[in-house]
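First the structure, in the form of structure tokens, and then the observations on it.
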Amino acid sequence: MNEDNEEETVNERTELLGNKDILTKIGGFGRYQLKELLILSPLLVGNGISTLLFVFVLYVPNFRCAIPGWKNDTFQIHSAVQSEYVEHYIPKNNPHCMVYKWNNSELSVLENPFEEVPCNSWVYDESSVPGTAATEMNLVCSREVFQSLVNMLFMGGTFVGSLFFGVISDWKGRRVSLYLSLVLWILSSIPLYFVNDIKLLAVLRFLIGFSGNGIFMNSFILTIEIVSSPYRSLVGLISQILFSVGEIIICGIAFLERDWHMLCLLSAVIYIPCLIYWFFVNESPRWLASQGKFEEAQNIYRKIAKTNKTEFPEDDADLEEPIICNTKKGSLIDLFKSRILFSRSLIIFFNWGVINMVYYGLLFSSGDLTSNLYLSSFLSGLAEIPAYIILIFTLDRLGRKPLYCTSTILSGIACIISGFAHVWGKDLPWISTTLALIGKFAISSSFAIIFNLTTELFPTVVRNSAFGLSSSVGRIGSMLAPYIMLSGNYIPSKFGPSLPFIMFGVVSVIAGFLSLLLPETKGQNLPETIKDGELMGRTGTNKPKGY
């Protein structure tokens, strides 16, 4: 059998075992798929909890420099003497990081009362948040950069994890990759309870990001690959809703448990019962078929048919005997050799970067939407759910491309206007809050759609590797987000606080228009081979089999 005939035979066989032909016969979304989604849902919810967790852990309440020499100073003023010392030793124009130079022996201001020096101790307003990692480790003023460093390393972990677990998933399977990431996540999360050093905190946060993205990515792919074409967008959006539910849940947990050490421990233990998943979660039959493991794929399809109470198509019984031994498998190199897929990949990569940067920039600043940390974070998470619900009813009707373009541009416009509102609307903070929530609503829609779009554009033989690479490239944007938000504090102009939002807005608009160059995937079968991927979106007879 020559290579061309062999590939054609493999393609035909993979299509029978991997596309909607057999799923339509045995149930594209029945009891089996619902059971798998329910089993994996705690992992998707837990990922949302883990991602938003450090909005509370690294939260910095109102603070000022401690009165020099006053051992029992507190943020709240409790006496006239304390008030007088604050008046004399804390500059009104910069109470956070500077104190007037003072005489240590006499506890008095020196001859030049206007000479300011950096302070090295602080007092915090703990009336609403009794203590965080940021206040315990004094991550303020010159150490403020460590907040961004921890968030950047978390995103750096997701960057490496996306690529690593994407390759593992396509090499060893979705199930193996999922379980490996789950075990590593638990081992990295529990030690947070004992941490009191910023360096160790940063390392653990990197490992949590590394493994957490593997959990979400593999859970997402496992649910997508066992449903037929009409249900892919629904299942993908349900996965996103579950992530947002996790964001909302952590707000409630953080409100009830104010100790950040215990909060980290609670977020870790929710994953421990999931260790039994090895015995309950099945491998993706689509992946098995793409690897030439047709008998194993068929066994799972039989299980799907039995659970869905449908008949397995015995007319295709010849599938029971493998017709070839060597299956031609794909790699990322094959993806980049294709001019069509390479150009599409570049657009996808750029959009992933922009969406990640804007989404996580708004997420990390969610605690600043209102004066209440818990309410702000709750509203930020809640804003995502209506976006996903609307997409459930519109994504398969209107298509991926027009909705993605519209939501991304809308997010950009909202961010730009919100940026200017920070300058000219200070007396009306509800305007900035509303615009920020609109931006979060819109960018969440874009995030959900690009998950589906990426999954549907890339062929099965490289899907998880390509998905992981896209997510990894996107994480570069999320790694930049904390520093972009921080940059507003160092720009002396009154436009300083607005600059990050304007930057988010401009790149969002550019990404939205670039997405128009991608093909529409609505109603299309998942491409199985590189050739199928190249034919995606073409008209006429040049469609992959099964379209």
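Each residue's number is its place along the chain shown, starting with 1.
Just so you know, glycine gets a Cβ as well, placed from its N, Cα and C.
Copied from TrEMBL, the annotated features are:
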DOMAIN    43-523  domain 'Major facilitator superfamily (MFS) profile'
REGION    528-547  region 'Disordered'
TRANSMEM  37-60  transmembrane segment
TRANSMEM  149-169  transmembrane segment
TRANSMEM  176-194  transmembrane segment
TRANSMEM  200-222  transmembrane segment
TRANSMEM  234-256  transmembrane segment
TRANSMEM  262-281  transmembrane segment
TRANSMEM  341-362  transmembrane segment
TRANSMEM  374-395  transmembrane segment
TRANSMEM  402-424  transmembrane segment
TRANSMEM  430-454  transmembrane segment
TRANSMEM  466-486  transmembrane segment
TRANSMEM  498-518  transmembrane segment
Fill in: Close approaches to the transmembrane segment (341-362) from elsewhere in its chain (Cβ under 8 angstroms; 6 or more beyond its ends)
155, 335, 380, 408, 411-412, 415, 436, 439-440, 443-444, 446-447, 450, 453-454, 457-458, 466, 469-471, 473-478, 480-482, 484-485, 500, 504, 507-508, 510-511, 514-515, 517-519, 530, 533-534
Practice prompt. Report, as numbers and ranges, which residues of the same chain sit near the transmembrane segment (498-518): CB under 8 Å and 6 or more residues beyond its ends.
Written response: 344, 347-348, 350-351, 354-355, 357-358, 361-362, 401, 404-409, 411-423, 436, 439, 443, 453, 457, 484-485, 487-488, 491, 537
Fill in: Distant-in-sequence neighbours of the transmembrane segment (176-194), which means Cβ under 8 A and at least six residues beyond its ends
43, 50, 161, 165, 168-169, 200-201, 204, 207-208, 210-215, 218-219, 222, 261-262, 264-265, 267-269, 271-272, 274-275, 277-278, 281, 464
Discussion item. Tell me whether the transmembrane segment (200-222) sits in contact with the transmembrane segment (374-395), defined here as at least 3 Cβ pairs under 8 Å among residues 6 or more apart in sequence.
Written reply: no
Item to complete: With a Cβ cut-off under 8 Å, give me the same-chain residues at least six positions beyond the ends of the transmembrane segment (234-256) that come close to it.
Response: 29, 33, 37, 41, 44-53, 56, 216, 219-220, 223-224, 227, 263, 266-267, 374, 377-378, 380-382, 384-385, 388-389, 391-392, 395-396, 444, 447-448, 451-452, 455
Fill in: Overall pLDDT of the domain 'Major facilitator superfamily (MFS) profile' (43-523), taken as the mean
85
